[in-house]
Structures are given as C-alpha cells and as structure tokens.
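A.B. asks: There's a structure below that I have some questions on.
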There are 2 protein chains.
Amino acid sequence: MTPERPGATRWKLLLEYHGGGFVGWQRQDSGRGVQQAVEEAVHALTGEPATVQAAGRTDSGVHALAQVAHVDLVKPLDRDTLRDALNHFLRGEPVAVVAAEVAPADFHARFSALERGYLYRILNRRPPPALEAGRVWWVPTPLDAAAMHAGAQRLVGHHDFTSFRASECQAASPLKTLDALAVARDGAEIRITARARSFLHHQMRNIAGTLRLVGEGKWTPDDVSRALAARRRSAAGPTAPAEGLYLTHVRYDPG
Amino acid sequence: MTPERPGATRWKLLLEYHGGGFVGWQRQDSGRGVQQAVEEAVHALTGEPATVQAAGRTDSGVHALAQVAHVDLVKPLDRDTLRDALNHFLRGEPVAVVAAEVAPADFHARFSALERGYLYRILNRRPPPALEAGRVWWVPTPLDAAAMHAGAQRLVGHHDFTSFRASECQAASPLKTLDALAVARDGAEIRITARARSFLHHQMRNIAGTLRLVGEGKWTPDDVSRALAARRRSAAGPTAPAEGLYLTHVRYDPG
C-alpha cells in the first residue's frame with residue numbers, strides 16, 4: 001500500500017468528469033479511459049510512469065462530481081501547482097483535477113474509502129432533454145417519487161444484493177450494506193441518492209431501473225422486497241442507463 | 001399580427017435548447033439556427049411552410065430554458081400531439097418542445113412579451129469545468145459576489161444602456177428599464193439573474209463582463225455608474241462569452 005518508489009510522495013486527487021467522453025475509469029480495447037487521460041497528464045508533467053488508482057472504477061458513461069484517486073510522484077511539487085499543471089495537460093478533455101493534496105503513505109483511494117455516494121438523475125417529463133442531454137435518464141411516463149422512495153427503503157440495510165448485481169461483477173461477495181437510499185422529486189427531475197461503504201457492479205443502475213417500475217405503478221414496495229429475496233438478477237428490474245449516474249463523494253477517515 | 005393563412009391556428013411553443021449546437025436563434029451563412037431546426041420539424045409534421053417567430057433572438061451559443069415562439073398551422077392537432085410530434089422530428093437536435101398551446105390570434109411571441117428573464121452562470125474556481133463545460137463561463141480568479149451585487153444595483157432602473165450595447169445592436173433606442181439584476185454565489189458558482197421588458201444586443205453579456213471587474217476588485221460600484229453614464233461601449237467591461245447565458249423565461253399577459 002505504501003509508495004513503491006523511494007522518495008515518492010503519495011498524492012490524493014479529487015476528480016470531476018463527464019463520463020460521456022470515456023469508456024469508463026479503466027481503459028478498454030474500445031477506447032479511452034479517464035485513468036489513461038489522467039496518467040498521460042501526470043506523465044507529461046513529471047516524466048514519471050505513474051499509475052493512478054481510483055476509489056470507484058466507474059462504468060462507461062458514468063459521471064463523477066468528486067472521484068478520488070491516488071498517485072505516487074517523486075518530482076517535488078506544491079499542491080496548487082500539481083492541480084493547475086495537471087489541468088493544463090488535461091485541456092480539452094472532459095476531466096478536471098478539482099484538488100490535489102499530500103496523503104499519508106498508507107492512503108489508498110480504493111481500500112481506505114469508508115463511504116461512497118452516488119446520485120441517479122431521472123428527467124421525468126414527456127419532452128426529451130435538450131440542455132440535460134447525456135446527463136440524465138429520460139423517462140417520459142409519469143413516476144410517483146413517493147412510491148419510489150417507499151420501495152427504496154426495502155433495500156436499505158445489510159442484504160444479499162445478487163438481484164441487483166451485474167453478471168460480470170467481480171466482487172467476492174454479494175453482501176453489502178446500503179446505508180441510505182432516498183428518492184425525491186425536484187420539478188421534472190427525480191433524484192435517487194445512495195450511500196454505502198461500497199457498491200456492486202451496476203448496483204445503482206439496477207436499483208434505478210427497478211425503482212422506475214415502482215414509480216410507474218407496475219411494482220409495489222413488496223415486489224422490491226421479493227426481488228431482493230430472490231437473489232437472482234432476472235428477478236429485479238432492468239439496468240438504467242449510465243448517463244444518469246454520478247459518483248458524488250468518497251469519504252475517508254479524517255485522521 | 002393575426003395568422004396570415006385563413007383557418008390557421010396560432011400556436012405558442014415553449015422551447016428548451018443547448019446553444020452550443022446552433023449559430024443562434026436565426027440561421028446564418030455560418031450554420032444552422034434553432035429557428036431552422038424547429039421550422040424543419042414543423043414542415044416535416046404538417047407539410048406547411050411555417051415561419052417560427054421567437055421572443056428573443058438569442059446569439060450563437062446562448063442557451064434557453066424556456067424560449068417562447070409562435071407558429072401558425074392549418075393542420076388540426078391537439079397540443080400534446082403537436083409537442084410530441086415536433087420532438088419526434090427534432091430527435092438528435094439539442095432542442096426540445098417543452099409545451100405547446102393554442103394562443104389568441106393576436107398573440108406574438110416577440111411583441112406581446114411583457115418581461116424576459118436571463119441567467120448568467122460563472123464557474124468561479126481554479127480548476128476548469130469538466131461536467132459543466134460549455135454551460136458556464138469559467139473565471140479562475142476569485143470573485144466577490146457581494147461586491148458584484150452592489151455594482152449590479154447601479155444598473156437597475158431606466159437608463160441609456162449605450163455602454164452595454166453591441167455596436168451591431170439594431171434597437172431603435174438604447175433606453176431600457178432593467179427591473180432587477182442580482183448576483184449570488186452558490187458554492188463555486190456565481191449566478192447573475194436579470195429581468196426586463198426587453199434587452200439590447202449583448203446587454204447581459206456586457207453586464208456580466210463588467211461585473212467580473214467589480215468581483216475581481218478592479219472596479220468599484222462607482223466605476224459601474226461612471227461606465228453607464230459615459231454612454232460609450234468602450235467605457236464598460238468586455239463581453240462575457242455566450243456559453244454562460246440562459247434565457248430563463250418570457251412573461252405575457254395571462255389574459
């Protein structure tokens with residue numbers, strides 16, 4: 001967990017990005033990852049072959065308001081210079097370094113995280129999005145946000161989330177504790193917010209796709225409980241699209 | 001002012017668009033206007049050679065949350081069908097018809113308007129925008145929003161706005177009444193909101209560019225008053241970019 005190279009400083013980076021420009025956090029054969037963009041900027045600045053590790057490996061199209069990553073750098077830099085210089089080399093990319101700070105040597109963006117927060121945005125109106133295109137899931141049929149919130153409460157707590165987990169999910173266990181899941185309407189927008197120590201692959205998107213069924217009145221909150229108990233992916237609703245999902249925060253021990 | 005074609009119904013359309021995809025409301029030799037996109041959708045739906053007239057001829061890059069336009073159509077349609085069918089033909093364009101309703105025969109989107117509202121968004125932080133790219137003016141130097149608000153008050157009221165008017169402005173008179181102009185900070189974002197019966201060409205963008213000088217401490221509110229009194233474009237600050245500007249509403253007599 002400590003820096004691999006002698007004399008290196010471990011840096012914590014706060015990143016904002018629009019997921020539409022990338023194939024996700026990790027590079028794929030199909031295209032460019034956020035990780036790659038940041039690593040190239042680090043290399044352009046320092047000449048060092050740095051690996052940038054993130055708290056959450058967001059999927060293709062998923063946005064981040066405050067992704068956290070760490071990187072080890074030998075080159076001496078102050079935090080404002082590092083932030084501004086990385087943004088210089090990231091010009092034209094839909095990713096920005098919002099802050100950089102020195103982290104303890106044993107800090108790990110992924111393994112030290114105590115909590116992750118996500119937001120799922122639904123634009124719930126007949127007209128499609130124009131200003132918010134690519135930033136929301138457009139659901140034209142009327143949704144009952146209060147019913148969705150009631151259904152969401154059936155998922156809060158420690159559960160086997162097999163029904164809400166992508167088949168390709170690599171987590172060792174489907175057991176997770178969802179600390180909070182709330183649904184609220186703000187005009188034409190429905191916002192689903194969630195907090196947990198960690199999430200399974202597609203968990204938030206499968207939850208959003210399931211809560212849509214509740215919002216449409218096709219499912220009751222009891223149906224959500226039954227889907228959860230079934231421990232079978234096909235028992236829950238479809239996977240909502242990536243473009244509505246935002247990683248909103250990652251929390252660490254303040255020490 | 002009344003419909004030109006016998007038997008035509010005058011329709012009022014509420015439009016949302018991302019200005020980045022267009023050269024402005026009106027078509028230009030340089031490219032596609034929002035008006036053209038909407039007129040093509042109307043023609044595709046009705047076969048009628050319709051002219052769509054808007055409350056405000058927004059510049060290239062300027063966004064609209066609720067532009068209002070009118071159009072005369074002979075084809076009989078109900079309002080939900082018209083809205084949904086226009087959105088069908090506008091698929092892939094960054095413009096949406098939020099609502100359609102029958103208007104009185106003498107309704108004119110531009111000349112009947114009693115008030116227009118604009119929002120100017122500034123992202124005031126060192127890191128450039130990633131998620132909000134193309135939707136805000138990025139100003140990395142710290143701005144004092146309270147000072148900007150104090151400076152803004154010098155522009156409220158009935159004045160000769162020659163100093164804040166583009167040289168190519170075609171309005172007959174530079175005299176306008178600015179009913180409200182407010183500046184407020186929300187985190188890293190500074191929001192300038194304005195209301196007036198009508199605005200001069202570039203008036204909001206020139207106000208935003210001038211208030212930036214106040215926010216940076218380079219100008220005092222008294223300097224804003226002096227710039228206004230000078231009645232000379234070069235006496236005020238530079239023109240802020242289009243991408244931060246949103247037409248937020250157009251108000252009409254409810255009768």
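Note that Cβ sites are derived from N, Cα and C of the backbone, with glycine treated the same way.
Heads up, TrEMBL stuff is auto-annotated, nobody curated it.
Pulled the feature table from TrEMBL, pasting it below:
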DOMAIN    B:17-111  domain 'Pseudouridine synthase I TruA alpha/beta'
ACT_SITE  B:ASP59  active site, nucleophile
BINDING   B:TYR118  substrate binding site
DOMAIN    B:152-253  domain 'Pseudouridine synthase I TruA alpha/beta'
A.B. asks: So how many other Cβ atoms are close to the residue listed as 'substrate binding site', meaning within 10 Å of its Cβ?
C.D. replies: 26
A.B. asks: Find the average pLDDT over the domain 'Pseudouridine synthase I TruA alpha/beta' (B:17-111) in the predicted model and report it.
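C.D. replies: Residues in the domain 'Pseudouridine synthase I TruA alpha/beta' (B:17-111) carry a mean pLDDT of 95 in this prediction.
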A.B. asks: Starting from the Cβ of B:ASP59 (active site, nucleophile), draw a 10 Å sphere and report how many other Cβ atoms land inside it.
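C.D. replies: Summing over all protein chains shown, B:ASP59 (active site, nucleophile) has 20 other Cβ atoms within 10 Å.
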A.B. asks: Let's see if you can do this one: DSSP helix, strand and coil counts over the domain 'Pseudouridine synthase I TruA alpha/beta' (B:152-253), in that order.
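C.D. replies: In the domain 'Pseudouridine synthase I TruA alpha/beta' (B:152-253), the DSSP-based counts are 34 helix, 31 strand, 37 coil.
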A.B. asks: Cα of the residue listed as 'active site, nucleophile' to Cα of B:TYR118 (substrate binding site): how many Å, rounded?
C.D. replies: 13
A.B. asks: Under DSSP, is B:ASP59 (active site, nucleophile) helix, strand or coil?
C.D. replies: coil
A.B. asks: Based on DSSP, name the secondary structure state of B:TYR118 (substrate binding site): helix, strand or coil.
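C.D. replies: Its secondary structure by DSSP: strand.
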